[in-house]
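A.B. asks: Sharing a structure below in structure tokens format, with a few things to ask.
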Amino acid sequence: METTVPGWETVARSCFFLGTSASLLLSVPGVTGLQGSTMLESLEDADFERGMANESDVHAFFSLDYQHVQVPFEITLWIMLASLAKIAFHLFERLPSVVPESCLLIFVGLIMGGIIYGLNDKSPPVMNSDIFFLYLLPPIVLDAGYFMPSRPFFENIGTILLYAVVGTIWNVFGIGFSLYGICQVDTFHLRDISLLHNLLFSSLIAAVDPVAVLSVFEEIHVNEKLHILVFGESLLNDAVSVVLYKLFRAFCEMPSIQTTDVFAGIGSFFVVGIGGVLVGLLFGLIASFTTRFTDNIRVIEPLFVFLYSYLSYLTAEMFHLSGIVAIIACAMGMKRYVEANISLKSHTTIKYFMKMWSSVSDTLIFIFLGVSTIGDNHEWSWPYIFFTIVFCLLWRALGVLVLTFIINRLHVNTVTSKDQFIIAYGGLRGAICFSLVFLLPDFQRKKLFIAATTVVILFTVFVQGTTIRPLVDLLDVTRKQESTPTVGEQIHIRFLDHLLAGIEDISGHWGQYYWKDKLEYLNSKYLQKFLLREYAQPKSSIVLLYEKLERKHAIELAETGQLMYGPSHHPLLHTDKPPTSVIESDSLSLDVVDDIQKILERNLYKTRRTVPAYNRHTLPPGESEPAEHAKQILILRHKNWQMQMNSSDSDHVIKEKGDSGSLDGGTQPGPRLCRSLTAKHPRETPNVKSNRSRSVGFIIPLRQGTPQWMNDQETSKSPISEEK
Amino acid sequence: MGARHSQPVSVPEQEEIMAETGFSQANVECLYQRFQVLDKEEKGYLSKSDLEGIGTLAINPIGDRIVGAFFQDGRETADFRTFVQVLAHFRPVEESASSEGVNSRLSKLQFAFQLYDQDKDGKISRAEMLEVLRMMVGIQVTDEQLESITDRTIQEADKDQDGALSFAEFAKSVEKLNIEQKMSLRILK
């Protein structure tokens, strides 16, 4: 893009804007039509007849029958608008980093709402709560649950649950009671809002919204643990807020409240939460089981993942359990087994479709939020709204402080004060609050609540969303390097990062072993046999092994010691030192440090920590690039071992073999295997045979390989010894 | 922390280990449990293949070197004491720490230096630097580029112009880095 003339770029962008605004205008009749479609159907019948009458009058070659396609047409136009708006934002590279996308989308929504209001002179369509809860929310939550990195999630599950459950309850009651206190002040004319109404309002405004959090947090790069804390909290607090909301709503309608009702409420919390998890796991189990049998119809495999997840959501909602918790439990539960059962292409399809749907949903939600803001739905009361915002911030900050204090006493991994600030400040409210407020029963002050909710959401998304990034940067008080790091520093930094990651792997993660081991035991004993297609280590085919050498598989293979297939690196050898066509055109005048810096930046392997696990716009980067790196590393390592084997004398080799008692088929049989097959050292072959049965298991399938393969091995041995 | 506080774990040489590494008793016990998990066949010591069997370590570019750090001086086995001694380098630094402890900045740097300097001559030669660089960089980088980068690295830090980096030069080149943070694991506190 940098090579094109700047003029062309602006032309392209302005064309794009014209296109976007054209679609905006086009969707206006769509929206007015949408309004019509949500109204009574008798109107539609009348239109239909009119349409019929028109047609019979004139036999035209070209006639317009809008009513026929109205609903799908409008839906498509809205989605089109959302997607075009998204593209438009990303055309300006700097803009998404300054203003979070959600703000811009709400802004577009506001404009749309304004246009509709101006044209129609009546309120634009309000986002239907059903549409939101049944159609727009599930894809986002599914996407979040499916790509949730499970290790950090379960490591921090205690903290997350504490924030989600206790924190939300704290917020709800805190905000509710403080607002009630404000209402008691006579000058504000708010006396008529009862305590119960206040609590009802606070129950829907207190919960942190996953959609908003996600969209803002991905632009500030915080460390993995922090991300998972806020994110996990925003997902799990749904259970609590659902219970409290329904509880207070039921209380509003009951004439009198007894203590048994309160206890029933507390009990229902457990039912909702645990019930949601159980429903999700059940559907996850069924989904895994189903994918066991799909090897003949690969094409519909992705469909099962989506169908079962959606079913779990709907089932949970049907029983008034927490649908969000259910869908997350389903996604996390089935992921492992489904990914083992389905083909690679289905795998990619699932990931892409999930990203796509969640992206669209996300955009639509924010646009609708903007649209629904304009209109006559609001009753304004400065004090109430102002104090709502103040109390939301205040109680969240207090809650985070207190809870973190408790957590830091119990855990080794402390939550620093900078983390605490981000958790407190990153508690954004979003569309869930908005939909819940519209579901409130109609009573006198409902419009006030709607107005307050709208203001809080807009405030959190705009103000907090925009300022969180500069604040995070400001708080990063660690010494900033005034100058760019020298080449040596860059290398050493990366070296130390790798070192630390390695030491971390060696020292392991403490405290989780008990449950993890139990779960692993359960898994290997029962679940795997039931849910996986063939539980076979990839011993049978070397080609299959090479194809499956994704990063995760590479880790597993290393752990079971199955890595040392000589010919598995054989195809790669020929591409190892690629001809100049593959190399990028780096200038060879490497006296300039800049070039070196660029090369290093591009080519140094990244550590686990620097690769973010969850990304809104693309597939997790952990899928393509680090997989390639992992392959290269393994292959290089294998070559090194080979070289060591080849260059050391046989005495040394025999000594090593005798000594390493725990022969998990580790380093020893592999290279020796290759060498025996190259028939260079016939006396090595008896050593191979005398190895343990596990390694013999390697040999047998290899022998069943075609002679052609063995010839390949022969010919490739010369490059092996030539390399390095 | 650990899930097994109720059972007292008998750790060999516990007192000596606590004294020389500065780990608390709870930490030593956790490390011992980890040691036992790694030592799959309950030999009482670790061999290289035990550590190489850690999956994420196998795809670490410098995994070999890290494993080698536990098996210095040509040893083939690592007992628990050695295990803890190596890990002790990564304890976070306390406020009042002197520069003598095993987790001081100096000690951490010496540990890192050892990983570069394989032949233990006290200097990182050009060949050693090149080797490390080769491990950390993708296969697209040509040998010429690697050599240039290595030359540049050595040239930047080599004050006495002997074509190799001594420990002092190495320490100087990383003086701006926050080694205390970069080489500390919070859980080892």
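Glycine is no exception: its Cβ is also placed from the backbone N, Cα and C atoms.
Below, the features straight out of TrEMBL:
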DOMAIN    A:79-472  domain 'Cation/H+ exchanger transmembrane'
TRANSMEM  A:98-119  transmembrane segment
TRANSMEM  A:131-148  transmembrane segment
TRANSMEM  A:160-183  transmembrane segment
TRANSMEM  A:195-216  transmembrane segment
TRANSMEM  A:228-248  transmembrane segment
TRANSMEM  A:269-290  transmembrane segment
TRANSMEM  A:310-331  transmembrane segment
TRANSMEM  A:352-372  transmembrane segment
TRANSMEM  A:384-410  transmembrane segment
TRANSMEM  A:422-443  transmembrane segment
TRANSMEM  A:449-472  transmembrane segment
DOMAIN    A:591-650  domain 'Sodium/hydrogen exchanger regulatory region'
REGION    A:646-724  region 'Disordered'
COMPBIAS  A:649-659  compositional bias 'Basic and acidic residues'
COMPBIAS  A:705-724  compositional bias 'Polar residues'
A.B. asks: Going along the chain, which residues at least six beyond the ends of the transmembrane segment (A:98-119) come within the CB cut-off of under 8 Å?
C.D. replies: 24, 27-28, 31-32, 81-82, 85-86, 89, 212, 215-216, 219, 363, 366-375, 430, 458, 461-462, 465-466
A.B. asks: Any contact between the transmembrane segment (A:352-372) and the transmembrane segment (A:422-443), i.e. 3 or more CB pairs below 8 Å with pairs at least 6 residues apart?
C.D. replies: yes
A.B. asks: Residues of the same chain, at least six outside the transmembrane segment (A:160-183), with any C-beta under 8 angstroms of its C-beta?
C.D. replies: 153, 190-191, 193, 195, 198-199, 201-203, 205-207, 228-229, 232-233, 235-237, 239-241, 244, 383-384, 387-388, 391-392, 395-396, 398-400, 402-403, 406-407, 423
A.B. asks: What residues elsewhere in the chain lie close to the transmembrane segment (A:422-443), defined as a C-beta under 8 angstroms and at least 6 residues from its ends?
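C.D. replies: Counting only partners 6 or more residues beyond its ends, the transmembrane segment (A:422-443) has Cβ contacts under 8 Å with 102, 126-127, 129, 132-133, 136-137, 163, 197, 200-201, 204-205, 207-213, 216-217, 222, 226, 229-230, 233, 238, 241, 245, 249, 252-253, 365-366, 368-369, 372, 392, 396-397, 399-401, 404, 415, 449-450, 453-454, 456-457, 460-461, 464-465, 468, 471-472.
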A.B. asks: Below 8 angstroms Cβ to Cβ, which residues of this chain, lying six or more residues outside the transmembrane segment (A:384-410), approach it?
C.D. replies: 158-159, 162-163, 166-167, 170-171, 174-175, 178-179, 182-183, 188, 190, 205-206, 420, 423-424, 427, 429, 448, 451-452, 455-456, 459-460
A.B. asks: Can you tell me which parts of the same chain pack against the transmembrane segment (A:228-248), counting only residues 6+ beyond its ends and a CB-CB cutoff under 8 A?
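C.D. replies: Apart from its flanks, the transmembrane segment (A:228-248) reaches 141, 144-145, 148-149, 152-153, 156-157, 159-161, 163-165, 167-169, 172, 196, 199-200, 203-204, 206-210, 213-214, 217, 265, 268-269, 272-273, 276, 320, 322-325, 328, 415, 419, 422-423, 426-427, 432, 436, 614.
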